[in-house]
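Peer 1: This is the structure, below, for whatever I ask next.
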């Protein structure tokens with residue numbers, strides 16, 4: 001049998017402890033699958049004394065993750081510290097430069113510094129694996145990087161943040177407000193004390209930027225992402241969506257268009273009968289559309305210690321099955337120097353259907369005024385319905401419009417016009433509709 | 001750059017021609033991803049003159065696939081001939097013994113002879129890749145073999161036959177009979193002239209046997225599969241299922257139980273709100289449940305030239321990225337000699353819910369007679385409904401029962417008793433209910 005693979009884990013929080021625990025419990029099976037022993041020989045964490053449900057007495061203890069990263073006694077450095085700067089970044093860079101393989105679950109780090117890190121990995125001929133960084137336990141990185149060789153991707157989209165999907169699922173199921181849902185999610189540990197990063201879409205954007213690079217062979221562009229969170233989604237939106245045959249999900253979408261690539265994160269109406277609409281709670285899902293294969297959908301647990309550990313261990317096993325001298329495929333699917341520049345499509349040129357909910361004055365001519373502004377923008381309407389949201393004052397009404405395919409620019413122009421005309425008593429709500437199978 | 005990878009394709013039908021076409025069209029991109037050129041240097045097919053939409057004039061032509069398999073001028077032998085015996089089997093065996101990597105889409109071959117072939121591959125240190133053999137373009141083989149290292153699978157199930165799912169989808173959507181649907185599917189090319197292999201579940205069983213081995217680390221047991229096709233599914237079943245919140249799918253299910261592993265292929269009621277219930281038409285889907293990750297679902301095109309070619313090319317790319325001296329993981333996830341014997345669970349001990357539709361005499365006491373037989377078998381009922389299927393004669397009624405979890409043995413005993421009691425005017429219908437998220 002080949003020599004044991006020596007693994008150093010930096011960060012023993014929920015995920016790190018879970019990785020160590022599972023690798024110990026499944027040691028014999030992993031050996032069978034990889035043809036060699038996989039041994040955690042070193043760890044680094046802040047608190048040495050905490051009980052993590054795993055015996056780490058045989059592993060060397062490093063105060064400093066960077067010291068662990070350059071230790072000659074490990075073959076693989078597993079980074080589970082988190083954060084896009086600081087020790088995580090320094091340690092990963094150090095490990096790669098020292099010729100160690102690296103496995104990380106750190107989406108922020110990869111989104112911001114993935115390309116320079118990949119260049120080091122490629123130069124040193126080591127692997128940089130990061131399945132756990134996007135959509136937790138769902139094997140979307142391997143699918144894009146390996147399985148879909150030869151396919152040209154036209155669109156990749158998904159539910160990439162469990163917190164948001166949990167909140168939207170409960171808002172729909174229980175008819176409660178965003179604020180009440182968020183509080184409960186925080187109480188249950190599904191949302192952070194400061195939830196901004198999740199609910200405003202930043203976490204989804206980080207993950208999306210990685211998927212975009214893999215899908216389209218472009219350089220990561222984590223700052224060129226249109227961002228809209230879920231905090232302004234109301235029960236009125238959810239009920240109107242349901243009546244029209246839609247469900248609201250926070251999606252990250254990357255799409256090839258004639259003018260470039262769209263990267264956008266926003267609440268989205270998807271058809272209730274689509275597969276992605278059935279993805280509930282903290283579950284994640286990713287859909288990939290290509291020229292050769294067609295449409296592929298992967299769904300599963302997007303977070304949690306064990307689900308993330310599953311992806312980390314899969315990455316470690318891939319390294320264990322490789323042998324010295326083996327040159328794996330490039331980190332982001334193509335060598336960094338061959339990644340194309342990211343050409344951003346302007347959000348104003350985004351084409352698609354739109355859901356528009358307007359709270360208007362209840363007086364003659366308002367309906368006609370709304371319809372005229374739509375016509376002036378060349379927007380063709382699939383439906384225009386006067387609804388009772390139940391929340392209006394006696395002097396106002398709700399008008400819900402669903403457009404046929406139009407552009408973001410046209411919708412903005414029409415809604416701005418309606419606002420200027422003084423027809424509205426409240427802020428207009430605009431939610432994009434996404435095609436989904 | 002490394003030397004070009006020389007590929008020989010045996011079989012230039014729909015899939016083979018599609019592989020050759022895509023590899024030519026995407027040559028530059030494949031080179032970028034694999035770090036070397038991928039060149040089809042030789043082919044074998046019956047008809048040399050047919051136009052396949054691809055220029056193969058640069059490739060050597062072999063009348064005999066076995067001669068191609070042992071040619072010294074190829075590195076990878078791609079078997080797309082089909083069939084579990086004959087030239088496909090001989091050629092694959094020959095190629096492996098000659099030290100060539102093999103890529104195949106042949107589920108029948110792997111289901112019947114996968115283990116001896118894997119042993120040759122392992123001995124020779126070459127890869128035997130077969131992503132296209134199960135669920136077409138869906139990367140379920142890589143997921144089970146690579147991504148889920150360290151996970152213990154408890155159940156894997158899926159829609160593995162597009163023909164059956166197409167028929168069931170249309171029966172439900174259009175209210176037409178199985179026979180009418182099948183005829184139309186044949187006319188449209190979604191079903192073979194002799195459809196037995198698909199509709200009686202044999203094709204699903206082949207694929208399931210491969211998934212079972214990968215999921216549970218057991219030897220392939222392609223003959224120990226409980227088999228029931230869809231030809232006796234009626235509109236009455238589909239309508240009753242819909243009323244009860246279920247949809248009927250032909251599933252292949254492999255499940256770990258206390259007494260062994262169940263492998264079963266049968267029409268199944270899945271909750272209408274589950275993700276797998278939204279998988280329509282020729283689309284396939286596979287759900288995998290594990291101890292570490294939880295539940296993963298993959299869905300996508302299960303057949304067709306391009307979708308299958310996508311998986312074949314992914315397999316070839318994986319070989320291209322490997323280098324001489326590289327030892328990949330074992331063919332069936334563990335070395336053949338370490339695969340556990342398959343211990344079959346008896347179908348009679350299968351535990352689950354059941355849908356039972358009975359056409360009974362319309363007379364006093366029949367309802368009570370049915371209920372008594374259920375009670376005698378200790379079957380607890382979730383519902384018992386007297387329905388009008390519309391198709392009964394005036395002297396008969398339809399009774400639909402849904403049981404709580406019980407066993408196959410109990411259900412058979414109860415239904416046999418009801419039959420012997422002379423309560424039925426037609427054959428009883430029993431459909432298993434499958435838990436699905």
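Glycine too: its Cβ is placed from the backbone N, Cα and C atoms.
Marked as NADP(+) binding site by TrEMBL: A:10, A:11, A:12, A:13, A:14, A:15, A:16, A:17. Among the features that TrEMBL reports, NADPH binding site is placed at A:107. Among the features that TrEMBL reports, L-homoserine binding site is placed at A:192. According to TrEMBL, the feature active site, proton donor maps to A:207. Residues or ranges marked as domain 'ACT' by TrEMBL: A:355-437.
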Peer 1: Using only C-alpha positions, which one of A:107, A:192, A:207 is spatially nearest residue A:16 (NADP(+) binding site)? These are the recorded positions in the record.
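Peer 2: Smallest Cα separation from residue A:16 (NADP(+) binding site) among A:107, A:192, A:207: A:107.
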Peer 1: Would you mind splitting the domain 'ACT' (A:355-437) into helix, strand and coil residue counts from DSSP?
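Peer 2: Here the numbers are 24 helix, 30 strand, 29 coil.
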Peer 1: Please identify, among the recorded positions A:107, A:192, A:207, the one with the smallest Cα-Cα distance to residue A:15 (NADP(+) binding site).
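Peer 2: With Cα distances computed to residue A:15 (NADP(+) binding site), the winner among A:107, A:192, A:207 is A:107.
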Peer 1: When you measure from the Cβ of residue A:17 (NADP(+) binding site), which residues in the chain that are at least 6 apart have a Cβ under 8 Å away?
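Peer 2: Result: A:52, A:53, A:54, A:305.
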Peer 1: How many Å separate the Cα atoms of residue A:11 (NADP(+) binding site) and the residue listed as 'NADPH binding site'?
Peer 2: 15
Peer 1: With every protein chain in view, what's the tally of Cβ atoms within 10 Å of the Cβ of residue A:10 (NADP(+) binding site), excluding that atom itself?
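Peer 2: Taking all protein chains shown, residue A:10 (NADP(+) binding site) has 27 Cβ neighbours within 10 Å.
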Peer 1: Which of the recorded positions listed here (A:107, A:192, A:207) have a Cα atom within 10 Å of the Cα of residue A:13 (NADP(+) binding site)?
Peer 2: none
Peer 1: Check each of A:11, A:13, A:14, A:17, A:192 (the binding-site residues) against chain B and write down, in sequence order, those whose C-beta lies under 8 A from a C-beta there; write 'none' if there are none.
Peer 2: none
Peer 1: I want the residues beyond A:10, A:11, A:12, A:13, A:14, A:15, A:16, A:17 whose C-beta is within 8 angstroms of the mean position of the NADP(+) site's C-beta atoms, in chain order.
Peer 2: A:9, A:18, A:19, A:20, A:45, A:80, A:81
Peer 1: So among A:10, A:12, A:14, A:192, A:207, all listed as recorded positions, which is physically nearest to the residue listed as 'NADPH binding site'? Use the C-alpha atoms.
Peer 2: A:207
Peer 1: Whole-number answer please: how many Å between the C-alpha atoms of residue A:12 (NADP(+) binding site) and residue A:192 (L-homoserine binding site)?
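Peer 2: Rounded to the nearest whole number, the Cα-Cα distance is 19 Å.
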Peer 1: Considering only the recorded positions A:10, A:14, A:207, which residue has the minimal Cα-Cα separation from residue A:192 (L-homoserine binding site)?
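Peer 2: So, spelling it out, the nearest of the recorded positions is A:14.
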Peer 1: Around residue A:16 (NADP(+) binding site), how many other CB atoms lie within 10 A of its CB?
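Peer 2: Total other Cβ atoms inside 10 Å, all chains included: 27.
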